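Features as listed in TrEMBL:
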- 25-48: transmembrane segment (TRANSMEM)
- 89-107: transmembrane segment (TRANSMEM)
- 113-132: transmembrane segment (TRANSMEM)
- 152-172: transmembrane segment (TRANSMEM)
- 184-207: transmembrane segment (TRANSMEM)
- 290-307: transmembrane segment (TRANSMEM)
- 314-335: transmembrane segment (TRANSMEM)
- 355-377: transmembrane segment (TRANSMEM)
- 423-440: transmembrane segment (TRANSMEM)
- 460-480: transmembrane segment (TRANSMEM)
Amino acid sequence: MAMPDTRKPTWAAYWGWGSGDMLGAGAQAVITGWLAFFFINFCGLSPVETGLILGLPRLLEAITCPLIGYVSDNLRHTWIGRKVGRRKIFLILTIPLLPAFALIFVAGQTFVYYLATFVFFEFVYTMFLIPWETLAAEMTKDYKEKAKFAGVRMLIAQSSAILASYLPTLIISHFGGKDSPSTFLIMAAIFGGLFSLVVTIVVLTTWERPYTEAEKLIQPEPMDWGKAAMIPVNMFRDLFSTLRLKAFRQHLSLYLGGYISQDVFNTAFPLFVTTVMLGSTLLISQLMTTMYVAQLISVMIAINVIIRTGPVVAYRWAIASVSAALLLFLAFYLIRPAGFAAGVERLDGNIFSALLPGGFNATVVFWLFVPIILAGLGRGTLNFVPWGVYNYLPDVDEAVTGQRREGIFAGVMTLTRKVAQSGAIVLTTSLIGMGGFVAADKNHPGAVTQTPHAIQVVTLVMVGLPILVMLAGMVISWSFRLNARTHAVLVHEVERLRAGATEAETPESKRIVEDLTGWKWERLWGR
């Protein structure tokens with residue numbers, strides 16, 4: 001078969017493709033950081049209603065994600081696939097629809113309105129995300145070039161999170177209204193336009209896998225919609241098949257321990273700032289910006305730590321850092337430091353001025369920056385560790401099945417993440433609602449005083465739930481033994497199995513492989 005001509009990625013391609021994560025990560029940063037706060041404080045929605053709006057679409061995505069993936073895969077040998085691109089047709093369709101992101105942040109609407117607009121945007125978001133994520137793999141097979149794509153994406157993802165957290169501060173400084181719903185509408189309109197722009201850049205700077213001469217002769221087959229409808233069923237079947245793998249079960253525990261704890265924190269933290277720290281949108285914005293900058297630094301540190309010590313040490317350190325931050329927030333709630341509120345008031349809306357010699361106040365600086373920086377340093381590593389480990393899991397699976405199933409593991413990770421995130425958000429908002437937290441009247445945004453019990457529940461949920469989930473992940477980490485050394489042994493034994501070996505090279509190799517897979521040696525390689 002004649003091989004197609006290959007194009008060499010340039011920095012325009014790296015940054016062009018990577019810019020797509022301004023939508024991929026940027027939208028989620030806005031949603032997880034601000035949407036619950038906006039609904040409760042400016043739209044009159046209860047915490048329970050808010051949780052349903054944020055949670056239900058993610059359950060729907062468990063179905064739409066694999067369906068869109070299947071459809072885009074099968075467009076390759078159609079007229080649209082050959083003339084426009086099986087991936088790019090989805091990207092092009094989203095460009096005029098993405099500004100609808102701003103509709104979610106129109107204050108004073110009904111529960112049904114917010115649910116409908118959020119479901120619509122999440123569907124458009126998925127139409128972009130699934131095809132976009134495949135493009136880097138289609139543009140190159142070279143390991144180093146893939147690493148460059150991943151690195152650029154990570155930089156843009158963290159930058160978009162920083163922008164999502166700090167943009168309200170910029171809007172308030174230019175337009176005023178530190179507790180106004182218009183701040184969020186302006187922010188969403190800016191992001192909606194930015195989303196369309198970056199998708200256009202992706203379309204113009206990327207390409208799909210070229211056709212071979214043999215592929216050009218293939219007649220397109222009709223779309224098998226019956227097979228497409230079975231994709232969700234197959235996803236759940238694949239989920240259970242991957243869970244038979246011991247290392248993957250442990251990995252999911254570490255993954256969910258880190259990510260669910262962040263879902264809970266992201267939902268409750270803005271409410272904690274307004275009720276316990278007596279802050280405004282401005283304070284929330286600047287604290288979140290500080291946290292995301294710390295996360296970016298943490299990711300760079302985590303890369304080196306994992307190379308030197310393995311993922312488990314970094315994971316436990318991250319849990320300790322986040323837990324320390326949460327306990328400091330709990331201490332703040334319990335002692336209410338004297339002079340803090342007055343000190344913040346004197347900063348005139350800019351917490352970073354507290355670091356300057358003229359405005360330095362040790363109490364204010366400690367409580368504003370130490371907990372949130374500790375949280376950011378831990379969260380960055382919690383984000384990075386599971387994806388650093390993930391690349392090794394198909395090798396463990398191959399020892400059991402004799403197959404390469406990277407796609408299945410990616411799909412299961414996405415499915416598990418969506419369902420877990422939905423459950424975490426619904427649980428968090430439900431507990432806060434049952435604690436007596438009252439939503440603001442949408443005709444008088446922000447004009448409500450919470451009871452001491454409601455404030456206590458917000459604090460306990462924000463502190464207690466993440467620590468419990470992370471501790472569960474930490475317990476599992478003590479038996480997680482996939483690292484550089486054991487992975488090298490595993491890969492060597494897989495090569496021997498592929499060559500026809502029926503016995504392990506050494507008893508130690510046998511023990512390591514059985515420990516990672518959870519299977520007896522005699523049952524490996526699909527036997």
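Here the Cβ of each residue, glycine as well, is placed from N, Cα and C on the backbone.
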**Asked** Is the transmembrane segment (460-480) packed against any residues at least 6 beyond its ends, judged by a Cβ distance under 8 Å, and which are they?
**Response** 247, 250-251, 253-254, 256-258, 260-262, 264-265, 268-269, 271-272, 311-312, 315-316, 319, 322-323, 326-327, 329-330, 382, 427-428, 431-432, 435
**Asked** Relative to the transmembrane segment (25-48), which of 290-307, 314-335, 423-440 accounts for the most Cβ pairs at distances under 8 Å?
**Response** 423-440
**Message:** Would you say the transmembrane segment (355-377) and the transmembrane segment (89-107) are touching, if the rule is that at least three C-beta pairs must lie under 8 angstroms and be 6 or more residues apart?
**Reply:** no
**Asked** So are the transmembrane segment (152-172) and the transmembrane segment (290-307) touching or not, going by 3+ C-beta pairs under 8 A with a sequence gap of 6 or more?
**Response** yes
**Asked** In the same chain, which residue numbers or ranges, 6 or more beyond the ends of the transmembrane segment (290-307), come under 8 angstroms Cβ to Cβ?
**Response** 29, 154, 158-159, 161-162, 165, 313-314, 317-318, 351, 369, 372-373, 375-381, 383-385, 388, 484
